[in-house]
Amino acid sequence: MGIKHLYQIIQENAPDAVKAGEIKNHFGRKVAIDASMSIYSFLIAVRSDGQQLTSETGETTSHLMGMFYRTLRIVDNGIKPVYVFDGAPPKLKSGELAKRFMRKSEAAEAHEEAKEVGTAEEVEKFSRRTVRVTREHNEECKKLLKLMGVPYIDAPTEAEAQCAVLARAGKVYAAASEDMDTLCFDSPILLRHLTFSEQRKEPILEIHLDRVLEGLDMDRKQFVDLCILLGCDYLDPIPKVGPNTALKLIRDHGSLEQVVEAIKSDPKKKYTIPEDWPYKEARELFFDPDVRNADHPDCDFKWEAPDVEGLVKFLVEEKAFSEDRVRNAAARLQKNLKTAQQSRLEGFFKPIAKTEQEKAVLKRKHEEKLELQKKKKKEDSKAKKEAKSKPRGTT
């Protein structure tokens with residue numbers, strides 16, 4: 001799930017933190033990819049009849065098709081991926097997982113009903129909601145990656161947290177995931193849409209945490225508190241507290257402790273804190289997650305030459321993939337993994353830290369930009385209201 005409405009808040013309050021670009025802009029970089037999130041996205045890439053891709057024997061192959069060809073596209077563009085798989089979820093996440101299971105069970109029933117009486121759109125919608133990543137999906141993807149010569153890591157718990165460790169240590173340029181909570185785990189850079197298909201034509205979004213904090217004028221603790229208030233995998237949001245209210249509460253009070261105190265002491269009782277809302281434990285999971293240090297032997301990864309015959313045996317003989325396509329893809333993989341060894345020029349230079357004066361100038365420019373955005377928003381809203389109030393047919 002990630003963090004509800006966080007990207008919207010960043011867009012509105014720290015637009016300079018987000019850079020949209022093409023996949024080729026990341027040539028020569030190493031990237032840690034949240035495997036489970038990627039596999040989930042491959043599984044929901046269904047056919048028009050609402051069914052997943054399958055082999056002749058009826059086995060699901062969407063996850064393997066996605067992992068093989070999307071990884072190939074990443075390597076074709078000179079990027080060296082390392083995939084990170086989820087371990088056991090933290091205990092605090094069990095409530096969220098139970099809710100997801102219930103939603104999927106309800107969706108499965110609705111899917112069956114839609115197949116009987118619903119439209120094609122309804123069948124596809126409910127089919128997507130029933131999808132979940134199984135242990136078998138993970139194991140088959142690991143087998144495939146090994147045959148491709150692409151490294152992977154098993155995280156003790158959350159994959160995003162382990163990706164963040166690798167990014168902070170400089171072992172990879174960025175963490176890649178659709179989950180915005182990767183920023184809560186202190187990943188300096190988050191890439192979104194990296195494993196999307198080329199047909200979707202979505203730009204790769206590069207989000208810089210330091211610019212997010214600068215734009216929001218918060219330290220990391222306040223940022224994590226904001227994310228908890230917005231609603232995360234560990235806790236639901238406080239009822240009736242939307243994104244703008246959450247941002248205002250953190251800005252006004254500075255911490256969740258103060259926010260909770262203010263809500264409880266409010267005579268109007270505008271908001272109600274849920275009875276079981278362990279925000280301190282949630283915060284601790286973001287600040288001290290169960291991860292392996294970057295110098296741990298399990299985090300020592302390298303890229304190998306693909307096992308072409310192994311790929312043919314697994315994908316062609318066992319999963320009924322096209323042999324010509326698999327052999328051609330393996331040849332591209334072998335060639336491009338070597339090409340990706342080339343270093344980017346930026347790797348030879350260390351960034352120069354900004355002076356306090358430069359920081360102040362940037363902050364002022366950012367505040368001016370925000371004011372202009374607010375002013376434009378007000379003017380647009382006013383123009384819409386005026387247009388609505390005019391009788392039809394008048395100019």
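Cβ from N, Cα, C; glycine included.
The Mg(2+) 1 binding site annotation in Swiss-Prot covers Asp34, Asp86, Glu158, Glu160 and rests on sequence analysis. Taken from Swiss-Prot, the feature DNA binding site covers Arg47, Arg70, Glu158, Gly231, Asp233, and the record attributes it to sequence analysis. Sequence annotations record features per position, and here Swiss-Prot assigns Mg(2+) 2 binding site to Asp179, Asp181, Asp233. The feature compositional bias 'Basic and acidic residues' is assigned by Swiss-Prot to 360-389. The annotation region 'N-domain' is assigned in Swiss-Prot to 1-104. Residues or ranges marked as region 'I-domain' in Swiss-Prot: 122-253. Feature annotation from Swiss-Prot assigns region 'Interaction with PCNA' to 341-349; the stated evidence is sequence analysis. Taken from Swiss-Prot, the feature region 'Disordered' covers 360-395.
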Residue with minimal Cβ packing [other Cβ atoms within 10 Å] among the binding-site residues Asp34, Glu160, Asp233: Asp233
Integer Cα-Cα distance in angstrom, Asp34 (Mg(2+) 1 binding site) to Asp181 (Mg(2+) 2 binding site): 12
Listed binding-site residues Arg70, Glu160, Asp233, filtered to Cα within 10 Å of Asp181 (Mg(2+) 2 binding site): Glu160, Asp233
Residue among binding-site residues Arg70, Asp179, Gly231 with Cα closest to the Cα of Glu160 (Mg(2+) 1 binding site): Asp179
Number of other Cβ atoms within 10 Å of the Cβ of Asp86 (Mg(2+) 1 binding site) across all protein chains: 21
Cα distance (Å, whole number) from Arg70 (DNA binding site) to Asp179 (Mg(2+) 2 binding site): 18
Tertiary neighbours of Arg70 (DNA binding site) (same chain, Cβ under 8 Å, six or more apart): Ser38, Phe42, Thr195, Phe196, Ser197
For the compositional bias 'Basic and acidic residues' (360-389), residues assigned helix / strand / coil by DSSP: 30 helix, 0 strand, 0 coil
Output field, Mg(2+) 1 shell: CB within 8 Å of site CB centroid, site Asp34, Asp86, Glu158, Glu160 dropped: Ser36, Met37, Val84, Ala155, Thr157, Ala159, Ala161, Gln162, Cys163, Ser177, Asp179, Thr182
